[in-house]
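Some features that TrEMBL has for this protein:
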- 63-99: domain 'LRRNT' (DOMAIN)
- 236-257: transmembrane segment (TRANSMEM)
Amino acid sequence: MGEALQERRGAALLPRSCCRPRGVAGSHAELPGCKMTFTTATPAASVAQAFFCLLLCVPWGSSCPPSCQCTERAGAKAVLCSSRHLEEIPKDIPRDAVFLKLDANSITRIPSNAFRHLSHLEELDLSRNAIEKIDRAAFKGVAAGLRTLDLSSNRIRSIPKEALLALNAKLRLANNPWHCECALQEVLWEARLDPDSVQDITCHTAPREEYVGKPLLQVLDAGVNFCSVRQRTTDVAMFITMFGWFAMVIVYVICYVRHNQEDACKHVDYLKSLPSTQDHAETTSTAL
C-alpha cells in the first residue's frame, strides 16, 4: 500500500514516459541524463510537467551549431563543419569538442581567442579556406592539448611566430603563398611540422628573385638565412640613421661657427669705424 502511494505521488510530479523511449514498456529503460524511473503507466502529463521533464532528461552542453554536424568518435565528440560556406568560425561550438573540422569553407581570418573555450580540442582542420590573417593569440587556450593543426591550402603569406611556436601540435602549412622571411624560417626550425608536407612550403615571394618558387627547406639547406639578412638590413638602417644625425650635428656646428665669425667681423669693423681716443685728444690740443 505504501509503495503504491509513493509511486502515485511520483507519477503526479513527473510522468514515466519522459524517462523511457517511446514504445518501451519495461520499467528501467531511461534516457541519458535522466535519473527517475517508474514501474507503472501514467496518464498524459500536463504542459508544466512536460517542460519539467525536458529540463531533467535533456542532456545539457550537447548543442551543436546549426551549420555543423556533431557525432561521437571513440567516445569523443567530433564537430563536422566541412563545406558549409562558413565565412567565420562558429561561436557556439560545444565546449567538449575534441575533433573540429572547418575545412573547405570561406573563412578569411582567425581572430584572437577563437578557440579559447575548447579546452578539450585535440585536432583542428582549417585547410582549404581563404585564410589570410592569423592573430597572435589565435590559438590561445588550446596550445597545451592540441595535437594536429591543418592550415594547408589557404592564402597565408605570413604568420606571427608567436601564434605557432607556443603549440605542441603537428602543423601542416603546405600550399600557401608564403613570403619567405625570418618569422617563417623560425617556424620551420622550431615548430613541429608534418614531415609529409614540409616540401610543399614554397616561397611565393622572397627578398631575392632566385628564391621564388623554390621549397623553403631547399633554400635554407643552400645556406640562406633570412634572419641574418634582416639583421644586416637593420644594421645598415641603423648606421645610415646614425650617420645622418652625425652629419646634421657637424653641419650645425659649422653654421654656428661661421655665424659667430661673421658677427665678430662685423663687430670689429664697427669698432674700427669709431674715432679713436688718441685722435680725439690731438684734435682737442690743436684747438687749444
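Think of each number as a place in line: the chain as shown, counted from 1.
Positions of Cβ are set from backbone N, Cα and C atoms, glycine also.
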For the domain 'LRRNT' (63-99), what's the model's average pLDDT?
-> 94
In the same chain, who gets a Cβ under 8 Å from the domain 'LRRNT' (63-99) while lying at least 6 residues past its ends?
-> 105-111, 114-115, 117-123, 125
Could you tell me how many residues in the domain 'LRRNT' (63-99) are helical, how many are strand and how many are coil under DSSP?
-> 0 helix, 13 strand, 24 coil
